[in-house]
Amino acid sequence: MVQKVEARGGEIGDVWDDGAYDGVRKVYVGQGEDGIAFVKFEYVNGSQEVVGDERGKKTLLGAEEFEVDPDDYIVYVEGYHEKVFGVTTKEIISTLTFKTYKGKTSPPFGIVSGTKFVLQGGKIVGFHGRSTDVLHSLGAYISSPATPKLRGKWIKVEQKGEGPGPRCSHDIAQVGNKIFSFGGELTPNQPIDKHLYVFDLETRTWSISPATGDVPNLSCLGVRMVSIGSSLYVFGGRDASRKYNGFYSFDTTKNEWKLLTPVEQGPTPRSFHSMTADENNVYVFGGVSATVRLKTLDAYNIVDHKWVQCSTPGGSCSVRGGAGLEVVQGKVWVVYGFNGCEVDDVHCYDPAQDKWTQVETFGEKPCARSVFASAVVGKHILVFGGEIAMDPKAHEGPGQLSGGTFALDTETLKWEKLDKLGEEEETPSIRGWSASTTGTIDGKKGLVMFGGKAQTNDRFGDLFFYGVDSA
């Protein structure tokens, strides 16, 4: 489906329309005295190349070129328009920047000045607008795939046995038909225990796992845990005096802990970081050290038993804690987080190229937040809840918390809100600082969420599952 998005900018000048094609291959932009004087686009239509007309008037400054790779396409145009006063007042486009799906970004053509506008929503396949001897406005044709909305449902999972009880700032991971929980607090900044709890999905019963080997020496909060195969991997977290844990594995078949990296030998000790894994690597991103917030990404290969520090994201990705971190189709995604305030940007790391890309998303975007629940189903990243404003007492207080279930399609870069009218009673209460993992319950894959901090500053001890019916 191709949608014509109205032109943004001024309302004077001759109307022009290039139409819609299969994609945009080249962009030419010429600057003038006051802003963008000239644009021209080359398109691809099947096996044919279509060259659009020159829009505006080329000046002695010439034109700059932005080329799109054959296996890529433009998904985002950022521009600015402003009024220029002279013999007559006219509104012109002062700046244009183009970004592709794979992260290739043009330089900003022109001088950033005026009112910002954005053209996005899918694959951009054509342009239209108004011009005289300058460019007054720009719109686009955008192709959006007719993909079905992700469908699912929240259920509250029955719990029996000796469980973790109410807590937040802990983590969970699933191995087979068991969910494991480790760390956390009931009272702010006071870790509860260092038991490893195990929930049997067949009997819906909690118990404390027997533990041998190098049992972690600290009860901790702000800890992170992931699973690969039959093993759990636990990194970081702190106690009340801000001592930190190292990096451990737990063999769920032997109930045996192993210290893989002492705290002084691995990545910077931290808490409230983010962790995820693929088949061979554990990834650790960001978090809060004893002195500063971080934005480094470290990878531990479980075959080589070695840590590698990946490239550090550029300036567009700020230091942060409480971000979502997920692996989707081989790439590592950083979603939102807290850098002194809540942020709503998304970044993607490609391990094969050791390269970061800031991703521009659209749709029913959740507002800026951190310490939310997250999971991956297919190409979608699911999120629920989180903190949307820090408490004046920092971690001692609840902050302003949120609810809402959202999905980010990592191919179209579109957010959708999944909550349905009439099903509010089945949706978990608003919360943040909960533990979450991608899990499978009763044959469905989805988001498993346990505990968290309530708006009253109490702690939850409930277990919820958002099972996906279709994607």
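Yeah, the Cβs are placed from backbone N, Cα and C, and that goes for glycine too.
In terms of DSSP helix, strand and coil, the domain 'Jacalin-type lectin' (2-144) has 0 helix, 90 strand, 53 coil. Annotation source Swiss-Prot lists domain 'Jacalin-type lectin' at 2-144, citing sequence analysis.
For 178-226, the entry in Swiss-Prot reads repeat 'Kelch 1'.
Annotated repeat 'Kelch 2' per Swiss-Prot: 231-277, in sequence order.
A coil conformation is recorded for TRP433 ((Z)-N-(sulfonatooxy)alkanimidothioate binding site) in the three-state DSSP classification, outside any helix or strand. Under 8 Å, Cβ to Cβ, and six or more positions away along its own chain, TRP433 ((Z)-N-(sulfonatooxy)alkanimidothioate binding site) finds CYS168, SER169, VAL371, GLU387, GLY452, LYS453. The feature (Z)-N-(sulfonatooxy)alkanimidothioate binding site is assigned by Swiss-Prot to ARG238, SER271, ARG293, GLY322, VAL371, TRP433.
The Cβ of ARG238 ((Z)-N-(sulfonatooxy)alkanimidothioate binding site) has LEU218, CYS220, LEU221, GLY222, TYR244, ASN245, PRO269, SER271 as same-chain neighbours under 8 Å, each 6 or more residues away in sequence. Residues annotated as active site, proton donor in Swiss-Prot, with similarity to another entry given as evidence: ARG238 (among others).
Within the model, the repeat 'Kelch 3' (281-330) shows a mean pLDDT value of 98, rounded to a whole number. Residues or ranges marked as repeat 'Kelch 3' by Swiss-Prot: 281-330.
With a cut-off of 8 Å between CB atoms and residues at least 6 apart in sequence, the same chain places GLY286, GLY287, VAL319, ARG320, GLY321, ASN339, GLY340 near ARG293 ((Z)-N-(sulfonatooxy)alkanimidothioate binding site), listed in sequence order. Under DSSP, ARG293 ((Z)-N-(sulfonatooxy)alkanimidothioate binding site) is assigned to a strand (E or B) in the three-state scheme. The active site, proton donor annotation in Swiss-Prot covers ARG293 (among others) and rests on similarity to another entry.
Residues annotated as repeat 'Kelch 4' in Swiss-Prot: 332-379.
Annotation comment: Swiss-Prot describes 381-435 as repeat 'Kelch 5', evidence class sequence analysis.
Of all Cβ atoms in the protein chains displayed, 18 besides its own lie within 10 Å of the Cβ of HIS395 (Fe(2+) binding site). Residues annotated as Fe(2+) binding site in Swiss-Prot: GLU387, ASP391, HIS395.
For the repeat 'Kelch 6' (446-471), the list of distant contacts is 148, 150-157, 159, 163-170, 172, 174, 179, 181, 184-186, 188, 199, 373-375, 377-380, 382, 384-385, 397-398, 400-401, 405, 418, 428-440: same-chain residues at least six beyond its ends, Cβ to Cβ under 8 Å. As annotated by Swiss-Prot, repeat 'Kelch 6' applies to 446-471, with the evidence given as sequence analysis.
As a summary of secondary structure, the repeat 'Kelch 1' (178-226) carries 0 helix, 25 strand, 24 coil according to DSSP.
Across the structure, GLY322 ((Z)-N-(sulfonatooxy)alkanimidothioate binding site) and HIS395 (Fe(2+) binding site) place their CA atoms 12 angstrom apart. ASP391 (Fe(2+) binding site): 16 other CB atoms within 10 A of its CB, across all protein chains. Same-chain residues that are not part of GLU387, ASP391, HIS395 yet have a Cβ within 8 Å of the Cβ center of the Fe(2+) site turn out to be VAL371, MET390, LYS393, ALA394, GLU396, GLY397, PRO398, GLY399, GLY432, TRP433, LYS453. Scored by C-beta pairs under 8 angstroms, the repeat 'Kelch 1' (178-226) has its highest count with 381-435, from the stretches 281-330, 332-379, 381-435.
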